[in-house]
Amino acid sequence: MTTRYIFVTGGVVSSLGKGIAAASLAAILEARGLNVTIMKLDPYINVDPGTMSPTQHGEVFVTEDGAETDLDLGHYERFIRTKMNRRNNFTTGRIYEEVLRKERRGDYLGATIQVIPHITNAIKAKVLEGGEGHDVAIVEIGGTVGDIESLPFLESIRQLGVELGRDRSMFMHLTLVPFLGAAGEVKTKPTQHSVKELRSIGIAPDILVCRGDRAIPANERAKISLFCNVEERAVISLKDVDSIYKIPALLTSQGLDDLVCKRFHLECKEADLSEWENVIYQEANPNGEITIGMVGKYIELPDAYKSVNEALKHAGLKNRVTVNIKYIDSQSVEAKGDEALAGLDGILVPGGFGERGVEGKILAAKYARENELPYFGICLGMQVALIEFARNVAGLTDAHSTEFNKQTPHPVVGLITEWIDEEGNIEQRDEASDLGGTMRLGAQLCHLKAGTKAAEAYGSESCIERHRHRYEVNNHYVKQLEKAGLVFSGLSSDRKLVEMIELPNHPWFVAGQFHPEFTSTPRDGHPLFEGFVAAARAHQKRSLS
């Protein structure tokens, strides 16, 4: 299969939405019957985002094969059917690590290792490998043109543009076209300078996507076309919209997909965006609204919980309600108690690491259990629910996780030292292992207990969900907790690890060790999030009646 490549760059400012634009174009091409994938090339020196602070970088998105990747890969999976894997995201750090490893082995036969050609060749090889087996591969370059960190990536795609030729490569550049209120007009000069910078590197953009808070007037598009040496029809206006799921229709209405198909000589059907039209209709026509309290420790940056936020919105679409998310600092729950949790229709405790705020999460689980408020725990959210139950129902005073208290008399959650990965290999770890290599990662099978809310939600005896955690429920306490009334509704493939828990005599108190948010999409939703939102809606109706 001959793969065509679209390289996406950004200029003027960061956070223009390159990831959303790339994903939207991919969605259109997929709707035309093409097999599309997307890659993200990150210029930072970290090997991967796995050990980066969520308040700086945002969420770490986990792929089926266990790669810890940039949150943009979450956008990609929510827009297209193709599943991402570790080939879809790599960093400067990863490239340098691999090149240096080869140098130490003597693979370069004593040559002087340089950015050109050794680093650029490694980047090109990964890009070509990631695109194998697809009609079109869209490659997003992180950062903005002019960043010193991005130069090796930009040089690599410049070389690929020459090597692949015009029939197999094209360049799409996102820029900002700001509106100045005092002048009463949009300004194109930042775009002109951004394109000038890109051309100085040797890359001439084929398509310009102009971001702004309003549509770009026709005369300004003509001006951009003239000064940036881009066809006028290839100057695309991408204004701010109230829903990112409107962007595919906005782009196809301006013929962006036709430009791509014509350039690559692709004969394919017209784009069928009916699924996206249905999503937009559901979003615009809710039958009510609910408020979900998200009790976390990284709430100052909502992107730290990006996939959870989106999964709640998707569940709202399926239940025809608007889901309002109230971010609650778990430390404020420690300080204010029940007052911090008043007025909610449901509580969600997402994943997290470290001791700060954990007692507030435990209090949130207690509040939900005692007040029959729908509760959904994810990863650490399951562990705190189990700790709370152990302390206050099973009578295990001072029960805790060894992550937070190594001297706890009842370590109901602990670090396991051996487990089987997705390929059946035995993995081992201990507390001295590097943080980047100590977690159970990726998609794994979970057996569901018949008659439970979990099995009812999935409509199946099993599910496959993605993991990202170091600590597990201590099997030593399972029978004691079961006797006290806790239901272990999901077990690992070998039935040795607890994957889900729930309370049988509660409207909806369900928690999982995995991260279901990573597989939720606007078109399909996710059964656990749908069940949680439905329970929250039912609780609201009971409260109002």
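Glycine is treated like the rest: Cβ placed from N, Cα and C.
Computed from a predicted structure; not experimentally measured.
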Report task. Name the residue, out of Arg263, Arg468, Arg470, that Swiss-Prot lists for the same L-glutamine site as Gly352, Leu380, Gly381, Met382, Gln383, Glu403, please. Result -> Arg470
Report summary line: Among Asp72, Asp167, Asp303, Swiss-Prot assigns to the ATP site of Ser15, Leu16, Gly17, Lys18, Gly19, Ile20, Lys239, Asp240, Val241 just Asp72
Query - Which same-chain residues, if any, lie at least 6 apart from Asp240 (ATP binding site) yet have Cβ under 8 Å of it - result: Gly212, Asp213, Arg214
**Report entry** Sequence-distant neighbours of Cys379 (active site, nucleophile) in its chain (C-beta under 8 A, six or more apart)
**Finding:** Pro350, Gly351, Gly352, Arg468, His469, Gly512, Gln513, Phe514, His515
Requested in this report: Spatially speaking, which of the binding-site residues Gly17, Gly19, Ile148 is closest to Lys223 (UTP binding site)? Use C-alpha to C-alpha, please.
Outcome: Gly17
Requested in this report: Determine the Cβ neighbour count for Lys223 (UTP binding site): the number of other Cβ atoms within 10 Å of its Cβ.
Outcome: 18
Query raised in the report: So among the binding-site residues Ser14, Ser15, Thr191, Gln192, who's got the most Cβ atoms within 10 Å?
Result: Thr191
Query raised in the report: Within 10 Å of Asp72 (ATP binding site), Cα to Cα, which of the recorded positions Lys187, Thr188, Lys189, Thr191, Gln192, Glu517 are there?
Result: none
